[in-house]
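Colleague: Quick one: structure below, then a few questions.
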Amino acid sequence: MELAWYALLGLFFATYLVLGGYDYGVGLLLAHGATEERRRAALTAVGPFFLGNEVWLVAAAGILLGAFPALEGELLAGYYPAVAGALVGVVLVNAGVQLRSRPRTRSARARWDRVVVAGSVLAALGWGALLGGLLQGLPLHPDGHVDGVGHLFTPFVAATALAVLALVALQGATFLTLRLPAAGAATLTRVARRLVPVALAAVGTATVLGLLSARVRAAVARPAVAVLLLFVLVAALLAARAALGRGRPGVAFAATGAALALPVALVGAALWPRILVSTVDPAASLAVVDGAASGPTLSLLGWLALPLLPALLGFQAMCWWIFRERTDGRAPVYW
Amino acid sequence: MDTLFLARLQFAATTSIHFLFVAVTLGLVTLLVGLQTAGFVTGKPVYERLTRFWGQLYVINYALGIATGLVMEFQFGLNWSGLARYVGNVFGAPLAIETLVAFFLESTLLGMWIFGWHRLRRGVHLALLWGVALTAYASAYWVLVGNAWLQHPVGYELRDGVAHLTDFTALLTNPTLGFALGHVISASLVTGGLLMAAVSAWHLLRRTPDFLLFRTSLRLGLLTAGVAVVFLLGFGFAQFGPVGQLQPTKFGGGPDRDALVAGWVTRFGPGDYTPPTLSDVGLGFMILIGFGLFLGLLLLPLLWRDQIIRLRFPLWLVLLALPLPFVAVLLGWIAREVGRQPWAAYGLLPVERAVSPVGPGVMLASLIGFALLLGALAVTNWTLIARHAARGAADPALGRPPAPETDTRPHSVFA
Ligand code: HDD
Ligand code: HEM
Ligand code: HEM
């Protein structure tokens, strides 16, 4: 029961990273020497999906609160700066994308675009720091309090944050190669291809720092799974590069999406059965099962929420289907 | 300054901003459903123009509803981890259902509605807006189930100091839920209706073009607010029943209160169990505003033969009344939330056990950061709404027909 909910939580958060990832990736690319027209075209490509992407985060947080209340409190409060930083980023991107085209002057729009860029950076770094922080454990005491916030400022956490930033930028670029009019997509293919080695280098750095960190080695309960998933991640990145070279943007997007989802699976599987690993008192570590809500709550949520899942996914699929084509001169423009 | 105080201040600041936006959302979406449905049934183009103009303001407003809502949701875990730890088994369920059932669909559908103009069949496009409205109401319902439980915890049993769910239906029939829901929804309709009426009044006073369009929305806004204000007062006074009975410490005293406090002293130790007077003050002013808005019903007969527009001064009254519902909703929430102090869950979990064990420095940084961020975004957002309201209905970006195709293949607009 707990495992099913844990998997569902992972699924929602990973999907958020995949879908929100290209929102933020496109947000980052707004800084990439683009003209107002090109920025507008990029946001039009995200257009109809934007609002439906961020709800995966809202829902993941809802599952966390409903199905894992004890975990929710300790997780968010324990990694306060990472979560709050990511949240500020999400808020900035949300407000920036939705409001940037409401003023008419170019200068006001350019200012909002900088807000979107800053927000995208913060969101990617924040979630990356949270994933890295989980792998490294935290100074958690049995009464639930955590010593300060210094545990988040380590080279390994910085490296994972940067790795997620690189993956997000790549994801945004492959998304645009898939959605922009074919003419505009060519330049983006080049950008995406150049981002693959950057992402590989960032993931490699994080891996090396993780192997060197005693805390990470102590926290990871299943190193074999972690290494296996890392290989899959690298393979996905290489596949993305090959697909871009062969003009298969759909495959490339699927591959970079997988690369963003894999870190979530890696953290969940490598730490299992624990999720919060205490670096000061092993007995204070929190296992997933202990962080979960009690039986009646879980079964209530199961009866109420799970039957609705097909409908939720159905409406998302409907949105993807309606707007599945490349944008063109007649695509609705609003952001 | 201690962590607890800072966390409470942050919660009060962010929820208040959130509610100023969601009250408008809830009210306007209801009116929009009416407008777009009328356009669908009658086929008159004026309704499509009205839907686009008010829809534009609605969508701008929605941006901050989401931004602030996200902060609210994460705040429970960031700042109130004790709430999750001790009562999360019960309190978390309605909020989890809300996110999955309501928000998830609401935003997905709204995205398709914004981008679906001239692209989807008209019936499908209308159905999307209905979906947005229904899920918005569902979210108000579930979030209030959660809030009502904090006001009056039911349907649980304590084991080792942790609450476990025993009876979910008790949460749904919580006596502090029903009247509050009615009151909140009518307050949102009053707010949305008055906003519509006030913007229309401004255009009529300035004699901008589109007289007929703004005449229609003035009437719709005033009638909606007029009907809703009656329900608002009804549900408002009705709330005194359950509140007086179940939360005797909230407003005023009496033997009930003394008995309850004596019980708490034996269970939780001595302490100050009376809420700050701030809540009573809020209540008083809100009721005053309520009666003021009720008097506004006297304007409704002036709708006959457009007297209200010809006389002009009633339009000024409508315009000047616009801030009142916004002030009242904040005061109402202050009465409800401050009135349950010092409890996070009334009679069950004191706030100091609910707050996260983080240092005051972190909490202060968080308070300043989020308050400044959301405050600045709120002001910017209102400026944008005001500018778009003033710009009129000539050519809103929402639902603008696509640029004509360069090749001349024939196509119908609602293909
Ligand atoms: C347009 C806004 C508005 C107006 C004019 C009023 N209210 Fe209100 N009131 C609210 C908006 C509101 C609210 C923001 O929606 C609250 C906060 C929580 C709730 O349930 O509704 C609220 C709370 C609230 C409470 C607190 C319930 C509790 O503590 O649990 C009471 C007793 C009343 N109201 C009663 C009234 C009365 C008797 C009014 C007028 C004669 C009145 N309200 C006008
Ligand atoms: C319906 C869902 C809501 C829930 C679950 C909720 C929950 C909470 C919680 C957990 C706190 C902090 C603990 C405390 O200080 O009592 C709080 C405080 C507060 N909330 Fe709410 N709230 C809700 C709605 C609102 C709304 C919409 C508003 C305002 C517009 C609001 C206004 C406040 C205020 C002013 C405080 C501070 C009270 C004080 O500590 O002095 N609440 N609420
Ligand atoms: C304190 C408790 C509350 C929390 C945790 C909360 C959470 C949220 C979240 C996460 C969103 C964003 C959803 C999205 O991304 O689409 C949101 C929006 C919304 N909230 Fe709240 N909310 C609270 C209080 C309230 C109250 C009291 C109401 C109404 C009675 C309300 C009504 C809405 C509505 C209608 C929306 C839709 C978006 C919008 O209106 O702009 N919320 N809320």
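The backbone N, Cα and C atoms fix where each Cβ goes, and this holds for glycine too.
I grabbed these lines from TrEMBL:
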- A:6-31: transmembrane segment (TRANSMEM)
- A:43-71: transmembrane segment (TRANSMEM)
- A:77-95: transmembrane segment (TRANSMEM)
- A:115-136: transmembrane segment (TRANSMEM)
- A:156-178: transmembrane segment (TRANSMEM)
- A:198-218: transmembrane segment (TRANSMEM)
- A:224-244: transmembrane segment (TRANSMEM)
- A:251-272: transmembrane segment (TRANSMEM)
- A:300-323: transmembrane segment (TRANSMEM)
Colleague: Do any residues, 6 or more residues outside the transmembrane segment (A:224-244), come within under 8 Å Cβ-to-Cβ of it, and if so which ones?
Modeller: 170, 174, 177, 189, 192-193, 196, 199-200, 203, 207, 251-252, 255-256, 258-259, 262-263, 265-266, 269-270
Colleague: Same-chain Cβ contacts of the transmembrane segment (A:156-178) under 8 Å, 6 or more residues past its ends?
Modeller: 17-18, 21-29, 42, 45-46, 82, 120-121, 124-129, 131-133, 135-136, 184-185, 188-189, 191-192, 195-196, 198-199, 201-203, 205-206, 209-210, 213, 215-216, 237, 240, 244, 249-250, 252-253, 255-257, 259-260, 263, 326
Colleague: Any chance the transmembrane segment (A:300-323) and the transmembrane segment (A:43-71) have 3 or more Cβ pairs under 8 A, given the pairs are 6 or more apart in sequence?
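Modeller: These two segments touch.
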Colleague: For the transmembrane segment (A:77-95) and the transmembrane segment (A:251-272), does the number of C-beta pairs under 8 Å, pairs 6 or more apart in sequence, reach 3 or more?
Modeller: no
Colleague: Quickly jot the same-chain residues contacting the transmembrane segment (A:251-272) by Cβ under 8 Å, restricted to those at least six beyond its ends, or write none.
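Modeller: Result: 6, 10, 13-15, 17-18, 21, 131, 134-135, 160, 163-164, 167-168, 170-171, 174-175, 177-178, 192, 199, 219-223, 225-226, 229-230, 232-233, 236-237, 239-241, 243-244, 288.
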